[in-house]
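In what follows, a structure is listed as structure tokens, so that the remarks can point back to it.
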């Protein structure tokens with residue numbers, strides 16, 4: 001392995017993990033961010049149970065897609081590592097994953113409810129509702145729990161033909177959210193922050209009007225496509241004249 005590449009990736013993952021408490025997405029030692037190497041042979045993830053204010057870049061743990069620890073500073077990787085590994089193995093577009101127990105998104109997960117698309121804020125960022133997986137069975141919980149968490153995520157994505165680039169988030173029933181990016185860790189955290197915001201908006205909207213239906217499908221399609229479609233026109237061109 002290229003040690004410079006590993007060190008650079010550790011620094012990126014470290015800095016990105018620090019955004020979770022900064023943005024109010026986690027408390028204590030909850031949550032984690034990982035990023036996969038360009039060759040997709042290994043990924044770097046936050047260590048298990050280490051507080052954010054004591055964590056260092058060199059504490060990030062390097063793991064392969066079969067959960068073998070390749071490089072560590074004497075610390076165990078996040079307990080959610082098998083979930084991340086399975087998603088990287090089966091979703092080649094995913095380059096970074098964020099897992100949190102943020103308040104509003106997790107409330108929907110605990111209620112076994114998808115987050116409906118009720119307006120343009122949601123549609124600008126996620127295509128369609130944010131789905132919620134089925135519950136894990138007792139045998140899945142008592143077996144390889146974190147691996148099985150990954151399996152129920154993949155099961156839902158496959159069975160419902162979810163485009164992981166268009167809807168880059170999922171709720172795991174009774175657990176929390178997993179959010180990902182086809183770009184980098186910072187983008188994945190931004191999406192996790194957006195997920196929390198649209199979950200809060202959805203809850204408040206349903207409190208005001210319990211009978212509120214999802215936003216007009218044409219409006220959803222328009223707002224998603226203008227930012228992410230092949231003819232997207234939101235924002236500035238990459239190259240601009242001086």
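Using N, Cα and C of the backbone, Cβ positions are placed for all residues, glycine too.
Of the residues 122, 156, 175, 211, Swiss-Prot places 175 in the same Zn(2+) site as 80, 99, 101.
When the recorded positions 31, 49, 78, 124 are ranked by how far their Cα is from the Cα of residue 101 (Zn(2+) binding site), 31 comes first. Nothing from the recorded positions 48, 49, 79, 124, 234 places its Cα within 10 Å of the Cα belonging to residue 99 (Zn(2+) binding site). Using a 10 angstroms CA-CA radius around residue 32 (substrate binding site), the recorded positions that qualify from 80, 124, 175, 234 are 80. The Cβ neighbour count for residue 175 (Zn(2+) binding site), using a 10 Å radius over every protein chain in view, is 20.
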